[in-house]
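**Q** The following feature annotations were taken from TrEMBL:
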{"type": "DOMAIN", "residues": "6-347", "note": "domain 'Acyltransferase 3'"}
{"type": "TRANSMEM", "residues": "12-34", "note": "transmembrane segment"}
{"type": "TRANSMEM", "residues": "54-73", "note": "transmembrane segment"}
{"type": "TRANSMEM", "residues": "94-117", "note": "transmembrane segment"}
{"type": "TRANSMEM", "residues": "137-158", "note": "transmembrane segment"}
{"type": "TRANSMEM", "residues": "165-187", "note": "transmembrane segment"}
{"type": "TRANSMEM", "residues": "193-216", "note": "transmembrane segment"}
{"type": "TRANSMEM", "residues": "228-248", "note": "transmembrane segment"}
{"type": "TRANSMEM", "residues": "268-290", "note": "transmembrane segment"}
{"type": "TRANSMEM", "residues": "302-323", "note": "transmembrane segment"}
{"type": "TRANSMEM", "residues": "329-352", "note": "transmembrane segment"}
Amino acid sequence: MSQKIEALESLRGIGAFMVLIGHLFCAFYPALLFGDAMLHFSFEDTIRDGPLHLLYNGPFAVCLFFTLSGYVLSYKYFVSKNIKTLRSSAYRRYFRLLVPVFTSVMISFVMGSLGLYRHMEIVPITGSVLWLNTLFQFPHGDIFEAIYNGLFGVFITGDNRYNGALWTMATELRGSFLVYGFLLFFGDRWDRLLAYIAGFLLFKDGYMINFLAGVALCDLRNNMNYRLPEPVCIGITAVGLWMAAFTYDVNGLLSIIGLHTGIQYPDLAFGAIFVLAGVVFSTILQKLLSNKFLVWMGRMSFSVYVIHMIIMCSYSCIVFSQLNQFFSYNIAAIASIVSTIILVYLVAPYFYEMFDLGGQRLSNALYRTSYNEASLIVQKTYNFCKSGKLLSAMYEIMKNPSAVHSSVKGERKEGK
């Protein structure tokens with residue numbers, strides 16, 4: 001794995017850790033994210049409004065995920081200039097995501113049916129009414145509903161009732177095919193710059209802008225071989241981190257001069273773009289991010305993402321409920337948070353080996369069989385049409401339809 005790809009893997013791992021920390025804080029220290037939530041220590045408001053907010057800014061991490069996806073999904077195409085890489089990746093994408101996602105939904109269904117989700121019990125204590133109170137609201141015992149959700153609901157509508165983290169899957173799938181479609185139509189065109197500009201101006205979904213920006217960065221870096229000085233790269237990264245650390249009502253500020261982006265989190269969307277831009281053009285930042293532990297976290301990132309809320313709303317809440325009977329709130333909460341982080345990263349490698357890699361194996365196997373067979377049929381049909389045999393057959397039918405009718409009639413009689 002090249003240093004550049006390792007750095008991107010590390011970014012994904014850091015993002016998954018930010019989401020994990022953010023969700024644990026949502027559960028046990030909601031005032032760190034929601035202004036009107038219950039306070040458990042005096043300086044939660046100060047942390048929420050300061051630079052430390054960056055460490056658990058989950059929405060920023062999601063924007064970073066989508067920008068990374070745009071970059072990584074277009075990387076092979078820009079390096080190889082081979083359109084077949086797009087067809088291969090597009091065909092496998094759904095199945096690649098399906099196995100870990102479907103598995104997490106079925107695990108969640110079983111845990112909910114067994115009554116192992118205990119998050120509702122601690123809501124009055126933690127005060128996480130706006131978030132913890134809304135999770136895992138699904139019909140227990142309806143296995144067919146769970147199967148449908150894991151196979152289709154999550155990917156079509158973003159229905160995340162079985163696993164709150166899976167709301168991103170519908171966006172991930174749409175964004176992936178935006179990348180493939182864009183590259184298919186504009187990837188080798190000299191005027192694709194106009195297509196990038198049009199996309200940035202017309203898209204009202206900030207997440208789609210992140211996907212498109214990832215493609216543009218990959219194009220600049222690997223196709224056009226564009227370079228930036230190291231100080232500029234570090235400066236761009238710093239600006240992106242600043243935008244993630246300090247949230248601003250960008251739409252409110254723009255509305256003063258009569259403008260509105262229509263994007264939910266424009267500061268986070270563009271902050272993620274700046275961070276990725278700084279990293280992909282900087283050899284120094286890539287070297288720093290190529291740390292073996294960070295790269296390992298990156299490999300575990302998708303597994304961590306899909307399992308952490310299941311563990312949090314069962315194990316974490318049970319541990320907290322027990323400890324809170326004997327210790328202070330903060331001791332119980334911190335012990336639950338720390339032990340949850342450890343448990344998630346202990347479970348993640350097993351989930352990765354069985355289901356994350358399992359999704360990759362399934363998608364590869366299906367591509368090698370069904371796609372190649374379909375391609376062969378299409379190729380034979382194309383050759384048949386190209387040879388003129390189809391036109392000759394159509395001409396014979398038009399010239400003497402009664403003969404064809406008699407022939408078909410005779411075949412039916414023989415069949416009887």
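Just so it is clear, glycine is given a Cβ too, placed from its N, Cα and C backbone atoms.
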**Q** Taking pairs 6 or more apart in sequence, does the count of Cβ pairs under 8 Å between the transmembrane segment (54-73) and the transmembrane segment (12-34) hit 3 or more?
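**A** Answer yes, regions in contact.
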**Q** Would the transmembrane segment (268-290) count as touching the transmembrane segment (193-216), if touching means at least three Cβ pairs under 8 Å and pairs must be 6 or more apart in sequence?
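**A** Answer yes, regions in contact.
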**Q** Restricting to the same chain and to residues at least six past its boundaries, which positions have a Cβ under 8 Å from a Cβ of the transmembrane segment (94-117)?
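**A** Long-range Cβ neighbours of the transmembrane segment (94-117): 135-136, 138, 140-141, 143, 146-147, 149-151, 154-155, 162-163, 166, 169, 172-173, 302-303, 306-307, 310, 313-314, 317, 351, 355-356, 358-360, 362-363, 366.
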**Q** Cβ pairs under 8 Å only, please: of the recorded stretches 228-248, 302-323, 329-352, which one is richest in them relative to the transmembrane segment (165-187)?
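**A** Counting Cβ pairs under 8 Å, the winner is 302-323.
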**Q** Pop the mean pLDDT for the domain 'Acyltransferase 3' (6-347) in here, whole number is fine.
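**A** Here the mean pLDDT over the domain 'Acyltransferase 3' (6-347) amounts to 90.
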**Q** Assess whether the transmembrane segment (329-352) lies in contact with the transmembrane segment (12-34), where contact requires at least three Cβ pairs under 8 Å among residues 6 or more apart in sequence.
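**A** As far as Cβ distances go (cut-off 8 Å, pairs 6 or more apart), the transmembrane segment (329-352) and the transmembrane segment (12-34) touch.
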**Q** Look at every Cβ pair spanning the transmembrane segment (12-34) and the transmembrane segment (302-323), keep those 6 or more apart in sequence, and say whether at least 3 of them are under 8 Å.
**A** yes
**Q** By a Cβ-Cβ criterion of under 8 Å, what residues six or more beyond either terminus of the transmembrane segment (193-216) are in contact with it?
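**A** Distant contacts of the transmembrane segment (193-216): 62-63, 66-74, 171, 174-176, 178-179, 182-183, 185-186, 261-266, 268-269, 272-273, 276.
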**Q** Using a Cβ cut-off of under 8 Å, list the residues of the same chain at least 6 residues beyond the transmembrane segment (302-323) that approach it.
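**A** Non-local partners: 16-17, 19-20, 23-24, 27-28, 100-101, 104, 107-108, 111, 116-119, 121-122, 126, 132, 135-136, 163-166, 331-333, 335-337, 339-340, 343-345, 347-349, 351-352, 355-356.
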